Amino acid sequence: MTGSVQPATTATAGNPIAHAAGSVTTALHGWPPAVTTAILFAAAIFVAAVLQAVLVRVIPKKVLAKHPVLTIVVRRTKSILFMFIAVILLGIVVPESPIGVRAENSVLHVLSAVFIALIGASVMVSIDVYTTYKLSRRPDNIQADVMARKHVTQWQVLRRASHVLVLMITIAAALMVFPAVRQYGVSLLASAGAAGLVVGLAARPVLSNLIAGIQIAITQPLRVEDAVVINGQWGWIEEITSTYVVVRIWNWQRMIVPLAWLLENPFQNWTRDSSELIGTVHWNVDYTVPVDKLRDKLTEIVHSSKLWSGKVVVLQVTHALATTIELRALVSARNSGEAWDLRCYVREQMIKYLQAEFPGALPKQRVEIEGQRVPEGETVLMHDHVNAD
């Protein structure tokens, strides 16, 4: 045992941590190798915890209070910082432990893979922190701000796509640390047979959705909180992931739509360039209705509502049918939700006005009965004539 420890101690005399580990191994000469190794590993982890606590407390609280982004970074990277320090210390301690060359190589390979995984985790945390900071600066009324919805959509989609890309690279780099896996990967990449074709076909749906996500982030056919109609379902874009979109339907249900489907099929986006909408309301009324008075009443109703955006209020006769005429009102609102509520409000108030002021203008059926004359201004019900016969 002494012969195996002395060369390592000489080689690492310039490294105080390695020198201390070698000294502990020498002092515990005669102990079972597993116990000595466990003590060295526990000491390395303890020192890592102490160093992590010291490094975190070095940052003054006043600095954290002035920089909220730095606060998020410190909170999110505490565990990663500890694991970084622990892996580095374990990598220094392992060559000084009495576990043998074969076990030492295996442990070092595992530590290398963990170190690569920690780098990938650090990159993903950095992406999360930066995007969170960007999204935190958006305005409160995101539905009314097209640029804000554009930026939110871009950052959310790019964040998820970056996560997938970093995860794939990290896993590939970690697996390449192990010789057996590296050789298998090289042989798999070198083979241009059916296996490669099967893997490519199997990965096609995932890759197509990832590419579609990047296209949506760049071209912006839809954004978060856009009002859309997809397959006859009206709702709002609630979330855009790296592979699918969550649509919040008006009845609070959720519809999941793959990103690739959105790029291959048509859909309606009511708030593509602006959140403001013009709502329409239709009525069928009798020919005797005074349209000018209805137009004045519509203006009064709309002006009294907080849902109106203050831009458009129009009443027009759009159709003349055999028994009725069709009136169409156009009213503007700040977003799709308020447009729907304003349409319902206008419809209800106009019906009340017609019932109270012009009940004769409500739709009715005219029938001519031979041999009888109805005095002008009177109404005869059909069932009276049927019973008389």
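Every residue, even glycine, has its Cβ placed from backbone N, Cα and C.
Feature list (source: TrEMBL):
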type: DOMAIN; residues: 206-272; note: domain 'Mechanosensitive ion channel MscS'
type: TRANSMEM; residues: 38-59; note: transmembrane segment
type: TRANSMEM; residues: 80-101; note: transmembrane segment
type: TRANSMEM; residues: 107-130; note: transmembrane segment
type: TRANSMEM; residues: 157-178; note: transmembrane segment
Please work out the mean pLDDT for the residues of the domain 'Mechanosensitive ion channel MscS' (206-272).
-> 83
Hey, which bits of the same chain come close to the transmembrane segment (107-130), Cβ under 8 Å, at least six residues off its ends?
-> 69, 72-73, 76-77, 80, 83-84, 87-88, 90-91, 94, 99, 159, 162-163, 166-167, 169-170, 173-175, 177-178
DSSP puts the residues of the domain 'Mechanosensitive ion channel MscS' (206-272) at 20 helix, 25 strand, 22 coil
